[in-house]
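Pulled from TrEMBL:
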DOMAIN    2-129  domain 'Formamidopyrimidine-DNA glycosylase catalytic'
REGION    272-386  region 'Disordered'
COMPBIAS  304-313  compositional bias 'Basic and acidic residues'
COMPBIAS  371-386  compositional bias 'Basic residues'
Amino acid sequence: MPELPEVEAARRAVEENCLGKTIKRSIIADDTKVIDGVSPSDFQASLLGKTIVAARRKGKNMWLELDSPPFPSFQFGMAGAIYIKGVAVTKYKRSAVSDSDEWPSKYSKFFIELDDGLELSFTDKRRFAKVRLLKDPASVPPISELGPDALLEPMTVDEFVDSLSKKKITIKALLLDQSYISGIGNWIADEVLYQARIHPLQIASSLSRESCESLHKCIKEVIHYAVEVDADCSHFPIEWLFHFRWGKKSGKVNGKKIDFITAGGRTTAYVPELQKLTGTKSGKEPNKPRKQSSKGYEDEDGDKEPVNEENTGRAKAKKNQNTTKGAARKSRAKSNSEENDSDEDGDGGKEDKPVKMAKRKQTKTEEASKKLKTSRKSTQSRKVKK
């Protein structure tokens, strides 16, 4: 999932290559799942002849400021990406589109050609992004609901420490809350907690001032470094957890074992030897990473797909299938129970029918023999008395 460094790399690429240029052609995908609240024809018409004057970002959202509103806004979702033909935007978890590839991509949702021939495309293979046309993107959701940007509007150390002291929530979940700090995603949260030696399930308010200061420092350093290298992960320091956290299989970082748990609803990589829960104030979540829940599905790095008709349909289908299987199991269990209850021999109904019949016949014979013996003894007793 694109996080702050990747979105910032895209913003900078637009800023360096597209400002002051006029849009002469546009193609908007006929995809209502991604293109939100406006028809492709109206979207295209609103762009033609407009000049790009700025590229803005907050958290993991970006928008193009034109010489007059409305402005195109991009919520990157799980796989959204900005490509500029012939320009390497970012190499973080994704390679730039080369001139030899299909262009624009079949996954393109927003395409524009500028007056100097430069072409830009926003693609989304998984279709969980949102592209909107808004008069003032920063004044409406989702951007208006975001907390301070982790890069552009960082809290001071004192503000951060004071804020954490009031949060009765696990620290990983808090870092992922975009209304608290915007821009931090799953891998950044894992990285900064690892570097600050804080357990993901530690309750935020239980952290010492020293731990809070260390976390504040790590957030700043990790984000600034990732942004400086344009989110090119091949340039991330080799000692970072980032290089070893993918795949949900235990490995090692700097000789220390990595484990995976669920924290903040996400698959979380951490190093138990270095990140220990302290005191009694810690959150409790399942130890096994959840593949799916009613709120969405996780991809390979623990990022969730938002709820939509497609994946909720899969969840309902699976639930119905499980319900049917459960009913069948109960029916079989009831049937077996009835057979066992009617089995006078107490053999659990496991013997063949002929064997059972023979046993019952033998039992009846033995009972008749006992009655005969009892009858004879009674007769003899009466004769003696006479």
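Backbone N, Cα and C atoms are what each Cβ position is placed from, and that goes for glycine too.
Applying DSSP to the domain 'Formamidopyrimidine-DNA glycosylase catalytic' (2-129) sorts its residues as follows: 22 helix, 47 strand, 59 coil. If you average pLDDT over the domain 'Formamidopyrimidine-DNA glycosylase catalytic' (2-129) in this model, you get 92.
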